[in-house]
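Heads up: the structure comes next, in structure tokens.
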Amino acid sequence: MADFFSEWWSTAIAVLTGISILACGLLLWSQSKVKVKIGADGKPLPAETTGHVWDESLMEQNNPLPKWWMWLFYLTIIYSVGYLIVYPGMGSYQGTFGWSQEGAYAKEMKDGEKQYGPLFNKYLNTDVKLVAKDPQAIEIGQRLFLNSCAQCHGSDAQGGKGYPNLTDSDWLYGGTPEVIKTTLMEGRHGQMPPMGAAIGSDDDVKNVANYVMSLSGAAHDPIKAAIGKSKFGVCAACHGADGKGNQALGAPNLTDKVWLYGGGIENIMETINKGRANQMPAHKAILTDAKIHLLTAYVWGLSNTGAVTDAEASALKQISDAAQTVSTDASSASK
């Protein structure tokens, strides 16, 4: 309610709100003046009608509202006035309680972190590769993923057009736990500039697209691919002369069959002509270090599976026992 570009809007809303409440009160007061008329014999006279008649004889009578109903409306008005005094609702006025939805959200998050933070922190100093083999940690990581990552990468983590598949072994910036954690914390901003003009004509672009297709063994025109190879030097600065990409730049490997924006001649030509720009937001201000550690383990584990050794099983049992103790304490604290 405080995000007004002009104080005029705040004042106008406050005035309109006040007038509306006052008008409701006056309307109720005017209706309370309608009385049942009593005849000379002490009996109520027939009520006046509004003049509206339906179905030949059905008429709307001008009877006063029941007293209990009137007072119910009056109490509603009194409640609304009290509400607008203690809570925001009159323009930019914040209310005597100083309540805001942002403050309420921050308090709930702080209380939740205080209650459940120790459960997350139990894994913070454990190697990511070991955490990735802990069933409870993976369950927590999956929930974090569904809340923070699934909007783009999908609930199954297989991505979509413009959003990487996290279940394969193809990584733009590298798939080690350290790199994944950096990606989560700092975000990524990948950009490929339009290269059509640098390559040449539309035919030149099509030839290069065919050459790119040939690098992964996809269907292509071999003659056009051979011609396009000479123009690929413009692309090699980022993707390398062999087309295998550069993880330091986030330049994709063109020799596999993984396409972030779709394969095929038309899609590749569109990428060359128009370029691509994509951004993953940083999560270090959204998630705690412990949550990012668990999320790193979950994402890394999506494409890295293996049998648990005896030493790992022993370490996992110790972690599980400690986490179970923390979980029990958290449950007791919430009651």
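Cβ atoms here come from the backbone N, Cα and C positions, even for glycine.
Note that TrEMBL annotation is computational and uncurated.
What TrEMBL lists as transmembrane segment is 12-29, 68-87. Among the features that TrEMBL reports, domain 'Cytochrome c' is placed at 136-216, 223-303. Per TrEMBL, the feature heme c 1 binding site maps to Cys149, Cys152, His153, Met280. Feature annotation from TrEMBL assigns heme c 2 binding site to Met192, Cys235, Cys238, His239.
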If you run through the domain 'Cytochrome c' (223-303) with DSSP, how many residues end up as helix, strand and coil?
-> 38 helix, 7 strand, 36 coil
Which bits of the chain, at least 6 residues beyond where the transmembrane segment (12-29) starts or stops, bring a Cβ under 8 A of a Cβ in it?
-> 70, 73-74, 77, 80-81, 84, 89-91, 93
Which are the residues of the chain, Met192, Cys235, Cys238, His239 excluded, whose CB is within 8 A of where the CB atoms of the heme c 2 site average out, their centroid?
-> Met195, Ala236, Ala237, Gly245, Ala251, Pro252
Extra residues within 8 Å (Cβ to Cβ centroid of Cys149, Cys152, His153, Met280), heme c 1 = Ala150, Gln151, Gly159, Tyr163, Pro164, Leu166
For the binding-site residues Cys149, Cys152, Cys238, which one has its C-beta crowded by the most other C-beta atoms within 10 angstroms?
-> Cys149
Could you check what DSSP calls His153 (heme c 1 binding site) once collapsed to helix, strand or coil?
-> helix
How far apart, in angstrom, are the most distant Cα atoms among the heme c 1-binding residues Cys149, Cys152, His153, Met280?
-> 11
Specify the count of other C-beta atoms within 10 Å of the C-beta of His153 (heme c 1 binding site).
-> 21
Which one is closest to Met280 (heme c 1 binding site) in space, judged by CA to CA distance, out of the binding-site residues Met192, Cys235, His239?
-> Met192
Which residue counts does DSSP yield for the domain 'Cytochrome c' (136-216) in the helix, strand and coil classes, in that order?
-> 45 helix, 7 strand, 29 coil
Those residues of the chain, 6+ apart, with a Cβ under 8 Å from that of Met192 (heme c 2 binding site) | Cys238, Ala251, Thr271, Gly275, Arg276, Ala277
The answer, for which of the binding-site residues Cys235, Met280 has its Cβ ringed by the most other Cβ atoms inside 10 Å, is Cys235
